[in-house]
Amino acid sequence: MNNIFKGLITAIITPFRDNKLDLNALEKILEYQINAEVNAVVIAGSTGEGSSLSFEEYKLLLQTAKDIVNKRIPVISGCSSNNTACAIELAAESTKIGVDGFMISPPSYLKPTQGGIYKHFEAIHEASNLPIMLYSVPSRTGVDFTDETILKLSKLSRILALKDAGIDLERPLRIKSVINKELNLLCGNDDLSLAFNAQGGVGCVSVASNITPKLCKELQEKWHNNDVKGALGIHQRLLPLYKALFVESNPIPVKYAMYYLGFCTNEIRLPLTEATDTTKKQIEEIITSLSIKV
């Protein structure tokens with residue numbers, strides 16, 4: 001099975017207008033990513049406010065994204081839920097639509113044991129036939145995979161990657177030392193992506209690449225082509241943007257940045273609220289300093 005989880009993967013925002021999906025804006029956003037030659041996109045993940053969508057909106061968003069992309073790059077659907085049956089349903093609907101893979105985090109709020117986390121993913125795996133990227137994001141879920149659970153899950157044939165949005169930079173080395181199969185490790189934090197790659201990572205699932213996909217793609221390419229100095233130069237240039245995108249809860253700052261660049265409205269769904277004036281000013285200054293052209 002081809003491993004689609006590598007390189008630069010953009011976690012796409014979901015644009016709204018008058019509290020409805022703005023599908024015209026979605027097309028502009030996706031074409032911007034495709035023109036920058038990103039390796040794949042994630043739809044309806046954390047950055048895409050997936051948990052704030054109705055099931056009908058989720059289906060419409062995925063179908064529209066799949067139609068726009070039209071097989072030019074892989075489309076990965078966020079299928080996370082704290083209800084295993086619902087996660088299976090999201091994966092089943094995604095499969096019908098024709099996505100290329102899933103990104104799934106452990107169930108939030110319920111605080112399952114490691115045994116429960118394993119069974120949750122095993123059930124989704126057995127009910128589907130597409131590749132899965134595990135998504136470690138303990139700051140949101142309240143639980144995380146242990147190394148032992150990752151090792152156990154990696155033995156399931158279609159679990160091919162781990163997106164790690166934690167801060168344990170020793171983890172890639174530990175995992176690589178005990179897992180025999182190809183399990184691609186991707187960083188979920190833009191600001192840590194180079195350090196993560198240095199420990200065995202193969203790419204980044206990025207928020208910042210919504211805004212500047214060409215630079216983010218160039219950074220990953222330079223690193224993997226052993227141009228460490230070039231990659232570090234881009235990383236240092238983008239570091240203020242990385243930091244600004246998390247001064248408030250993601251995706252609040254990135255949604256404003258995309259509005260400022262002219263892609264969409266600044267609408268974001270409750271319980272999230274739009275960026276403060278201080279954050280807006282910071283984002284505007286950074287975008288201006290980067291001379292981003294769209």
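Using the three backbone atoms N, Cα and C, a Cβ is placed for every residue, glycine included.
Quick look at what Swiss-Prot annotates:
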{"type": "SITE", "residues": "Ser46", "note": "site 'Part of a proton relay during catalysis'"}
{"type": "BINDING", "residues": "Thr47, Val205", "note": "pyruvate binding site"}
{"type": "SITE", "residues": "Tyr109", "note": "site 'Part of a proton relay during catalysis'"}
{"type": "ACT_SITE", "residues": "Tyr135", "note": "active site, proton donor/acceptor"}
{"type": "ACT_SITE", "residues": "Lys163", "note": "active site, schiff-base intermediate with substrate"}
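Close to Thr47 (pyruvate binding site) in the fold, though at least 6 residues off in sequence, lie Ala11, Ile12, Ile13, Val207, Asn210, Asn250, Pro251, Val254, each with a CB less than 8 Å from its CB. Shown in sequence order, Gly45, Ser80, Met103, Ile104, Ser105, Leu162, Lys163, Ala165, Gly188 are the residues of the chain, 6+ apart in sequence, with a C-beta less than 8 angstroms from the C-beta of Tyr135 (active site, proton donor/acceptor).
Secondary structure at Thr47 (pyruvate binding site), as computed by DSSP, is coil.
Looking only at the recorded positions Ser46, Tyr109, Lys163, Val205, the densest Cβ neighbourhood within 10 Å occurs at Val205.
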